[in-house]
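Participant: To start, I am sharing the structure in question, which I have written as structure tokens.
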Amino acid sequence: MQLRKHAPSGALLASLLALPKLASAFYLPGVAPTSYKQGDAVPLYVNAIRPVGDADSVLHSVLSWDYYHPMFQFCAPEEGAQSVGASLGSILFGDRIKTSAFELKMRQNETCKKQCEVTYGQNAAQFINQQIQEGVSLNWLVDGLPAGQKTVDVLSDTEFTNPGFLLGEQLDDGRIKFNNHYDIIIEYHEVNGNNGQYRVVGVIVQPESRKYTGEIGPDTCNTAPDIVELSETGDTKTRFTYSVYWIESTTAWATRWDKYLHVYDPKIQWFSLINSSVIVVFLVLTVMSILVRALKKDIARYNRLDQINLDDLSGTSVLEDGVQEDSGWKLVHGDVFRNPSHPLLLSVFLGSGTQLFVMAGFTIAFALLGFLSPSNRGSLGTITVLLYTVLGFVGGYTSARMYKSLHGEKWKLNIILTPLLVPGIVFTVFFLLNLFLWAEESSGAVPFTTMLVLIFIWFLISVPLSFTGSWLAFRAPAIEPPVRTNQIPRQIPPVTTYLKPIPSMLLVGLLPFGAIFVELYFIMTSIWFSRIYYMFGFLFLCYGLMIITCAAVTVLLVYFLLCAENYNWQWRAFLAAGTSGGYIFLNALIYWVTKLALSGFTGSVLYIGYSALISFLFFILTGTIGYFASWLFVRKIYSSIKID
């Protein structure tokens, strides 16, 4: 088997550097529709063949295949299949869009039109039968709309269009049928005020398996009762046919995507959102109680004792000792801003985390406002990569600013590591996982030229911006702590069990994960089962709830640590909040056991590898949120008391 070549490197480079398809970089409903006249050719493009799971919604593979993979032997155009220009995000997410041999003409029906005849050998039959059992689907595009099949949601009794259609099906008697005929039903409507102009508003494909024995004519497709079974012991001749039916529809062009955007169970998401909101309200009230009652009371008492100390030094010391027994966080004022261990690594993580935080916020906001539509394939991935690249300035500035405040001396190493460490880890893992895809000749393998383009973009844009941010941050004055740090570190007394590193990390990391647990399920289903994800309103709210939850629980942990006279809060705050990433990885493993039945070693490695990569980025993100929330909290409370 040989993996087919993808888009030329020059076209990729031009498309990436020019923000691919600049005219459609942002989608607004109703912009740039394509109108056709009677008889105009309507192109049908084919995309990668992807697994969508079997009849029991169990996924058996994560590998996708090129539509014109030699094993499938689908009919190609006479001039050869040509790659269709795609954006960076589209390529990274596995789209391999190419021209096809299907001939569609506006409002002209075709009945049982022959395409080509092929012969499948034993190896091809075994390969295709395995793909059918694993539930792979074909993916076509007509005027930007994915061809799909109508499906009824049994829970809500609503009809929607599910993108893609099966390559074949395993029957109850164990036989495996191979679909070789396609009824293509295209819905269209006439443009208002412009007679003779039509637009595509829906595409349905009904695949059939029909074994032809004689000449193919207009009525042959309806008189072929037998199914096509690919023999694994000999050759099988198969003829491909298709029919085209044009149906006028009242659907408006601006709402033609509505039938694809289906919420499988909105009640679950609303319940999750309400549940997370209740948790957040409880946590915020708890933190406010600490801030308003305990801290305000402590600060007033400390300041009152300092005033008494000015009047009567001997009498004050007894009172102060009594107060110190009640509350211990003031006792560590001389150590609370002591530099943590490995300040260089912490500052680099904080810079990358801030970059991720801002990128995620902008991306979700753009998607929520409708700028990232599923009709603009790959726009979400493209915007994510470009935003993270441009926000290198933010990462460099934050990292250098924090490193300078921690009195780090290896400032040159900080400037270099900030744009290279975390992105380098991500790219290395991504490249290694891509090697497995290359070895399997999967179309999901990102072309080597695209890898080079990513590296060029990174070193030409992100790294210089990061260096610029770091340079400006090191020139700025250092952020001084509100209290002085003692020369001799204070001894840390033993802490209770729940304040020890492992128990506290497990407790703190669980709550932010709980705020996004249900939405995470829908996101993972969208990624692995090739479904359209569009519920960015829920995602926006869950993201906000996660930020508040993460900040609140980390502040609580730091407050309890300081009261226990443990001033090593910096790494504890980062790691405790970042443990949410560990819960995400654990959830991915549970999802792997319950919803997936990956048959090959490569599929398992890819799933675990990508899950670990996502969990690592989430660890950096939530750890940064927890750290800065705690940092602001600590600076606030120690700037509110008077220290002699």
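Backbone N, Cα and C atoms are what each Cβ position is placed from, and that goes for glycine too.
Below, the features straight out of TrEMBL:
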SIGNAL    1-25  signal peptide
TRANSMEM  270-295  transmembrane segment
TRANSMEM  344-371  transmembrane segment
TRANSMEM  383-403  transmembrane segment
TRANSMEM  415-439  transmembrane segment
TRANSMEM  451-474  transmembrane segment
TRANSMEM  506-529  transmembrane segment
TRANSMEM  535-562  transmembrane segment
TRANSMEM  574-593  transmembrane segment
TRANSMEM  605-634  transmembrane segment
Participant: At an 8 Å Cβ cut-off, counting only pairs 6 or more apart in sequence, do the transmembrane segment (605-634) and the transmembrane segment (383-403) clear the bar of 3 or more pairs?
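Facilitator: In this chain the transmembrane segment (605-634) does not contact the transmembrane segment (383-403) - fewer than 3 Cβ pairs sit under 8 Å.
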Participant: Counting only pairs 6 or more apart in sequence, are there at least 3 Cβ pairs under 8 Å between the transmembrane segment (383-403) and the transmembrane segment (451-474)?
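Facilitator: These two stretches do touch.
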Participant: List, by number or range, the same-chain residues at least 6 past the transmembrane segment (415-439) whose CB is under 8 A from its CB atoms?
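Facilitator: Answer is 3, 63, 344, 347-349, 351-352, 392, 395-396, 399-400, 445-446, 451, 454-455, 458, 462-463, 466-467, 470-471, 474, 602, 605-606, 609-610, 612-613, 616-617, 620.
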